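Everything on this sheet refers to the single structure shown next.
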Amino acid sequence: MTYDMVTSFLSLEPCNDDKIVYDSLENGLYLSHKELAYSLNPYTAVFKRNAASMFSNLSNESGDFKRLRRTPSLGESLGSNSISFYSDSSSSSSGGGSSIPRNDSTNSVNSLQLAPGLHFRDHVWALNQRYLAAEAIEEAAADIISQEEENGEGVKLVQLLITCAEAVACRDKSRASVLLSELRASALVFGTSFQRVASCFVQGLADRLALVQPLGTVGYVAIPPMNKTDMALEKKEAALRLLYEICPHIQFGHFVANCSILEAFEGESFIHVVDLGMSVGLPHGHQWRRLIQSLANGTGQPPHRLRITAVGQNIEKFQIIGDELEAYARSLGINLEFSAVESNLENLTPKDIKVYDGEVLVVNSILQLHCVVKESRGALNSVLQVVHELSPKILVLVEQDSSHNGPFFLGRFMEALHYYSAIFDSLDVMLPKYDTRRAKIEQFYFAEEIKNIVSCEGPARVERHERVDQWRRRMSRAGFQAAPIKMVSQAKQWLAKVNAYQGFTITEEKGCLVLGWKSKPIVAASCWKC
């Protein structure tokens, strides 16, 4: 990506969200667009462009996508000159590097008008985040367009969707409304895989547009948490059951988790599983039925006692599942004690979980922890601290492997478009075009995730998926150590049995197992110990 395109994306004119906040990985400092607009003016004034040109430049006149060479980020450029990012009033000319005096106007870097109380490193960090977001947009757009390049209408739909997302980001209601009308005519629920995924993103863009304020004002209207009707919840639960039966996404997480749990329980007589979210809300405790069956059919003696504790707010449903599991365990000669803790993850405390002396504890989280990843990181840190105090033998973490939690709407939009395009492509292979099961999975399950990622901000945005590397950093900061999963061949054999479709892959990445579709990561499983 050329530098002028990067800086056009960095432009802090009304285009782009006016009130996005930045969560600094270094010190948790928040920066707003208004603060950055003044402090970064020396850069944006020189290279100012309309942000719309960023996307129009992605393709040449013939419509072919142009790959753009990456240029060094501002942090890399400054780092090569050995300039310290730590600027404060006590600068010293001796020792390991000099800090930047604020009142020296001879250097363009030094002339940055720093906002009161903010360090130069914070501005550099913010610039770098914008650069990474712009680069993510370029890469995601390239992959999506390359997938659709055989279909001229597909390429046109991709470009139209990106242009509409940009108009929504710019809060240009009139232009965005026209584009949404055009998109609705092309994004068909029973069309090609990309037409179907586009229909979900169109819904999200329309919802977001309805909540933005006009140009000249700051930020977005506060988005209240979504209150879903019983009918909507029933449809989502039905779609979840279909997803579990047809696609390997959740089954993969259950398989890897159970194998890891069985390894941790090997030779133990008193064992305890704490399930955060109780298997994503599936109605019959599928994961634990398979675990009970494996314990009963194992070569060694079955455990004297198995305890399962479910954590969540659907305690009535949990108890129904628990009664079924206890009956199933008795039929196989396993002594199971089931209990439920009525609490959301953010309010969970160590005393909520009863742990007996002499029992081995494991914690299971399937597609749950991303919901407590907030801007401040406090909610997730609180949950991980509770888990750490329980001293489990292992924590099994299964999450969607994609970056849907970036601070910039357009970058997040493109990452999500790339990710869900792969999922809808896999559904295209597994189910016939007019199969209502596929429509239910897409429109009642994945569409809900997409709309939350695209239209919501603040506490209302709960679908905050992140990549394995980011989870690795978060877990390390919380005091956990990686416990590598060494079962690639076993997982591949399992995949061949449960899913005969070509295209799904299982790979190992730094001790984690990743399920992908045609090299695009979908779900990642990892294990952690205290």
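Start at 1 and count along the chain as shown; that gives each residue its number.
Every residue, even glycine, has its Cβ placed from backbone N, Cα and C.
Because TrEMBL annotations are produced automatically, they should be read as predictions rather than curated entries.
Cross-referencing 122-154, 320-352 with TrEMBL places the feature region 'Leucine repeat II (LRII)' at 320-352. Across the residues of the region 'PFYRE' (361-452), the predicted structure has a mean pLDDT of 93. Broken down with DSSP, the motif 'VHIID' (271-275) shows 0 helix, 5 strand, 0 coil.
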